[in-house]
């Protein structure tokens, strides 16, 4: 499998913040409590969580966690020009990018400033980089390469009902984007369509042909 799982103990003593780096991980995918050691609660996002390859605990949470992650893999970097004309939002898909590591300005073309997360950034959910507010630049973009990109797959929410489609060949979908929308209802990533593990989902009337990218076992 491209992703690995193991049990790791992380402990917040005296209710203080603590963290632990998963040495062979490039990105943690999920973290769940297997055996709580503390009287204090362990709540995802409040008293434990993760960012990139680092696990953290706080507020007295002490537990053994099941941690699944992408092991360290070779990265690829490329220079890509992305431009916000007339101060409008624009985006560009980075083909083959599974998880972005960083995006830095190499050569700014615009008078407008380019500030990370304000006028440029990236979305791991659909392998996309974006600019806004007049930022135009050549960016150095580094990322983990993806393994498999499929042809289009139709997933439809009929009568505004929630619907799913499993990709048996996938162990972990990392992006999903609309290729051809059939519904009048909007298809918005994270709201009316998305993915979990190897399953694509739609809701609230979104019907479209999607192009998912994924790791395969």
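Every residue, even glycine, has its Cβ placed from backbone N, Cα and C.
Record features, source Swiss-Prot:
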| type | residues | note |
| --- | --- | --- |
| DISULFID | 5-187 | disulfide bond |
| DISULFID | 42-68 | disulfide bond |
| DISULFID | 61-77 | disulfide bond |
| DISULFID | 114-135 | disulfide bond |
| DISULFID | 142-206 | disulfide bond |
| CARBOHYD | 30 | N-linked glycosylation site |
| CARBOHYD | 102 | N-linked glycosylation site |
| CARBOHYD | 126 | N-linked glycosylation site |
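Taking the Cβ of residue 68 (disulfide bond) as centre and 10 Å as the limit, one finds 17 other Cβ atoms among all the protein chains shown. For the recorded positions 42, 61, 102, 206, a Cα to Cα distance of within 10 angstroms from residue 187 (disulfide bond) holds for 206.
Comparing local CB density within 10 A for the glycosylation sites 30, 102, 126, the maximum falls on 126.
Proximity to residue 126 (N-linked glycosylation site), judged by a C-alpha distance within 10 Å, picks out none of the recorded positions 61, 68, 77, 102, 135, 206. Looking only at the disulfide-bonded residues 5, 42, 68, 142, 206, the one with its C-alpha closest to residue 30 (N-linked glycosylation site) is 68. Fewest Cβ neighbours within 10 Å among the disulfide-bonded residues 42, 77: that distinction goes to 77.
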